[in-house]
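Chemist: The structure follows.
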Amino acid sequence: MARHNSTRVTEFILLGFTSRRDLQLLLFSVFLPIYLLGLAGNLGLAVLIRAERPLHTPMYYFLSHLALMDLCSCCTVAPKMLWGLLKGRDTIPIPACALQMFFFAAASDAECCLLAAMAYDRYAAICRPLHYGTAMPQRLCRLLVAASYAAGVASGVIHSSMAFRLPFCSSRTLDHFFCDIPPVLALACANTDLNQLLVLAVCGAIQSITLAAIMASYGTILCTVGRAGSRRAASTCGSHLTAVGVLYSTLIFMYLRPDGTYAPQTDKIASVFYTVVIPTLNPAIYSLRNAEVKQAARRRFSKQRHRACCF
């Protein structure tokens, strides 16, 4: 089977968003600053949390790893997408396509698990403040992050290995801007029922369990802050839930729908949200409204300015 695959198809042609050159350049001019903003925001947030001791708490520990997963998602998809828009047409070798699928699936599913861990941390801090230290010890935080990475890597290995064991003999044209699971499976000239079942089982389990944990945590938080009359906390929870809602709605639409409903143009629009938009917005949603992050950023900038003045 593997020999059949490698001798027939060695690379895919990525069709991207459109064949019109003017629209390609327009999309490039739109997506490039969004990608650079997401890159700078997530990298800056991860470095800031690492460098500033006051941010060495469970909430920011999870947030730094969320930023790393967003970086992974951005850097796995966006550079190739931008290069294709700039060139007008692009190809990707089969091994690179498999790696792209692995890293993106791993980062996406690890992010879902990290969001659930962050929601539980907020629940423990707001609803059980007197027991927060015992509810979120450092060992548990590290265990939750390790479990998130393990779930992501397992998902990535399953999807990429099972997808690229199939023969691709019908076409070399991939109607998408990156090697996502549905468009790759659409090119297979063998039965993909097992692959579809694995997508439903693995993605369904990770997304449904983590979404249930997030909704339960934030539901309890909203009840608590509602009784206390804290509008700011309720507003913060609302912004977090909005980001979670956009992410999960697009992921569920892409991976948990019935087989045979692959629609390239609609899927590309949905994919933009969880590959480019959400990773760019997450640093702003989870940190810019946070006074501790703002204070840490001011301290860091003042230290850098002082060093520059000394030189």
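In case you wondered, yes, glycine gets a Cβ from its N, Cα and C as well.
Remember, TrEMBL labels are computer predictions, not curated facts.
So TrEMBL lists these for the protein:
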- 41-286: domain 'G-protein coupled receptors family 1 profile' (DOMAIN)
- 25-48: transmembrane segment (TRANSMEM)
- 60-79: transmembrane segment (TRANSMEM)
- 99-120: transmembrane segment (TRANSMEM)
- 140-158: transmembrane segment (TRANSMEM)
- 197-225: transmembrane segment (TRANSMEM)
- 237-257: transmembrane segment (TRANSMEM)
- 269-288: transmembrane segment (TRANSMEM)
Chemist: Cβ under 8 Å, sequence separation of at least 6 from the ends of the transmembrane segment (60-79): give me the contacting residues as numbers and ranges.
Modeler: 31, 35, 38-39, 41-43, 45-46, 49-50, 100, 103-104, 106-108, 110-111, 114-115, 117-118, 121, 141, 144-145, 148, 152, 177-178, 274-276, 278-280, 282-283, 286-287, 292-293
Chemist: Please indicate, using numbers and ranges, the residues of the same chain that are 6 or more beyond the transmembrane segment (197-225) and have a C-beta under 8 Å from a C-beta there.
Modeler: 109, 112-113, 115-116, 119-120, 122-123, 126-127, 151, 154-155, 158-159, 162, 181, 233-234, 237, 240-241, 244, 248, 251-252, 255-256
Chemist: Short question: which residues 6 or more past the ends of the transmembrane segment (25-48) have a Cβ under 8 Å from it?
Modeler: 17-18, 55, 63-64, 67-68, 70-71, 74-75, 78-79, 81-82, 85-86, 276-277, 279-280, 282-284, 287, 293, 296-297, 300
